[in-house]
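Enquirer: Okay, here's the structure, questions in a sec.
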Amino acid sequence: MAAAGVAPVRERFVASKEQFHAYLRANGELGGQGGDKEEEKEANSEQSEPPAKRGRLDVQGQDGESPGEPEDGEKESRDGEKDPEDGEKEPVERKRARGQNKSRPCMKPNHYEKSRLCPSVTQGCAEKCYFGPRCRFLHDVGEYMAAKPADLGRSCVLFETFGRCPYGITCRFAKAHLGDGYQNVVNAELAKQWEGKSLVRNNLSKDLQHQLRKKKFTFKKADEYLCSLAKPHHNDRKGGKAPGHSAEGEEVSDCTTPEDGLGDTSQCPVLPEGGDSKPAPVQSPHPTESKGGCPTKTAGPVTDEDIVKLRSCEKKKLEIQGKLYLAPLTTCGNLPFRRICKRFGADVTCGEMAVCTNLLQGQSSEWALLKRHHTEDVFGVQLEGAFPDTMTKCAELLNQTIDVDFVDINVGCPIDLVYKKGGGCALMTRSNKFEQIVRGMNSVLDVPLTVKIRTGVQEKMNVAHKIIPKIREWGASMVTLHGRSREQRYTRVADWDYIAECAKIASPMPLFGNGDILSYEDANQAMQTGVSGIMIARGALIKPWLFTEIKEQRHWDISSSERFDILKDFTNYGLEHWGSDTQGVEKTRKFLLEWLSFLCRYIPVGLLEHLPQKINERPPYYIGRDYLETLMASQNVDDWIKISELLLGPVPTNFTFLPKHKANSYR
């Protein structure tokens with residue numbers, strides 16, 4: 001019988017730690033259980049293997065702590081405890097390792113590719129180098145080919161799919177599409193089929209990026225709303241709050257923001273002329289007056305659309321009741337991973353958490369989080385911010401520039417970096433700012449606005465039931481509730497009884513529940529609580545075929561070869577998304593390794609003593625039904641790298657990897 005907090009694996013598959021690693025070192029031969037002490041020490045090292053397997057069980061016998069996840073913008077994992085080596089006496093006080101691996105080595109492109117070819121040569125216009133005489137890249141193709149690493153395979157997924165590889169000779173699978181004289185071969189018939197089709201939407205254009213960096217983008221609706229907040233109202237309300245806003249919380253924000261560059265003036269900002277990329281028509285002779293009383297310059301004639309706002313009943317509806325919602329997941333919830341989940345039956349997808357201030361500054365890396373694949377039919381983006389000015393402006397920016405079905409506000413991120421700035425879970429304690437953000441974003445969006453929250457900030461002090469009716473009143477279309485508080489992080493089990501209580505309070509507004517769903521039985525029990533639907537986060541990371549299991553109401557005893565095919569598809573999607581050159585290959589490898597740190601927690605159905613596997617039960621060491629199944633169960637970083645090499649070829653020299661989230665959260 002399995003110990004408390006340990007998944008019940010059949011006895012004939014259970015192995016000791018030494019047997020497990022000896023089996024993998026012997027490449028699946030059971031006889032090879034020797035190995036010298038140096039190899040055994042390496043297997044026990046903290047960097048090679050996070051101490052998830054050997055953490056102590058909770059003394060009080062409560063539910064074990066579950067793996068730290070990047071769900072809902074969370075960028076660090078939970079508390080964990082370092083294990084003493086075998087034979088050593090356990091120290092009385094041990095320093096808890098918590099958070100992300102901040103000091104992990106950063107592999108940059110110049111670490112694995114010293115000589116890079118100029119992009120102008122790759123694109124066939126070497127005479128028009130973008131950098132001119134300052135260019136530090138190679139222009140000699142022969143010199144580049146002499147130093148280029150060996151190809152990783154004979155077939156290029158980009159060439160086979162689209163008929164043309166845009167990376168040309170820099171592609172790590174270039175032999176598949178290089179002709180005489182290193183000319184890039186094009187399959188004209190296949191390329192013509194994809195001509196003019198946009199596979200990925202929501203890209204950041206250079207023109208828009210320039211406007212954002214120069215602060216020339218016009219935020220007309222947001223400025224009007226912020227002016228209405230800044231106008232003093234002479235009534236009995238504390239702090240002169242605008243009518244319709246709660247008197248709780250702090251003072252209202254000024255009309256101006258740091259981005260406006262107007263200092264501390266209390267005057268309403270005037271829209272910059274010529275800030276839009278379109279030519280400005282003749283100014284209207286009579287400026288309109290906003291609801292707050294601020295005169296605002298208008299471009300062109302004033303129409304009904306400028307004066308009359310859309311009523312909530314006229315906005316596009318978010319009809320996702322009963323559908324399976326893939327949670328926004330930082331790092332791992334990238335576009336290739338969402339494609340995998342979409343293929344297995346996810347109905348609703350959401351991009352990774354994006355910081356509103358970074359989007360307003362036009363940061364390419366942040367805008368990349370908003371990209372949407374054409375297969376994502378119901379897609380939203382999640383924003384994080386602490387103030388109504390930046391959040392409202394960001395909402396208006398996205399409303400005008402990208403294609404989404406809804407916008408979600410992150411009020412669930414528990415990490416200190418976000419919390420101390422007033423964002424994430426902190427908004428649950430700043431009701432006035434929270435209200436201003438929701439009302440402001442809702443006033444500038446043409447798509448539904450949703451909110452994701454936790455039960456509260458402090459453990460055993462739930463406040464979500466008090467906030468949800470206010471969120472409904474403020475205009476949100478849906479709420480998602482994660483059944484844990486900020487202090488709990490991912491310890492203990494999610495409180496679905498409390499989620500059921502909140503679902504009744506939220507009605508008629510839809511409420512989705514989130515937490516601890518790893519099987520179709522878990523999903524069925526969750527739906528019986530009265531929620532409108534369920535959001536899946538860690539369950540999708542551990543087994544993305546969970547969506548299929550829920551829809552088909554069965555346990556899928558998926559084989560190791562089928563799981564490996566899923567990884568193949570992910571790498572192909574990654575090469576398509578990030579590129580097939582050296583930089584794209586290594587980026588794909590990095591995100592593959594991050595995902596493998598979660599996939600290793602899955603225990604095959606055929607190995608379990610009884611079903612289903614619970615998300616808070618730690619997997620014991622076991623030897624699977626074949627070598628690949630055992631390899632995929634390893635929590636040794638070196639074994640994750642070995643799997644990546646089976647898919648993406650050998651790693652570069654001096655390659656190192658540590659997962660972003662410390663896998664030390666079982667106890």
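Backbone N, Cα and C define each Cβ position, glycine as well.
Small disclaimer: the values here were computed from a predicted structure and weren't measured.
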Enquirer: Labelled zinc finger by TrEMBL, one stretch among 112-142, 422-452, 453-483, 484-514. Can you tell me which?
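Expert: Per TrEMBL, the stretch marked zinc finger is 112-142.
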Enquirer: Choose the correct range: of 155-180, 623-648, which one does TrEMBL annotate as zinc finger? Give that range.
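Expert: In TrEMBL, the zinc finger feature sits at 155-180.
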Enquirer: Mind checking which residues reach the domain 'C3H1-type' (155-180)? Cβ under 8 Å, same chain, six or more beyond either end.
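Expert: For the domain 'C3H1-type' (155-180), the list is 116-117, 122-124, 141, 144-145, 148-149, 186-194, 572, 575-576, 579-582, 584-585, 649.
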Enquirer: Could you tell me the mean pLDDT the prediction assigns to the domain 'C3H1-type' (112-142)?
Expert: 82
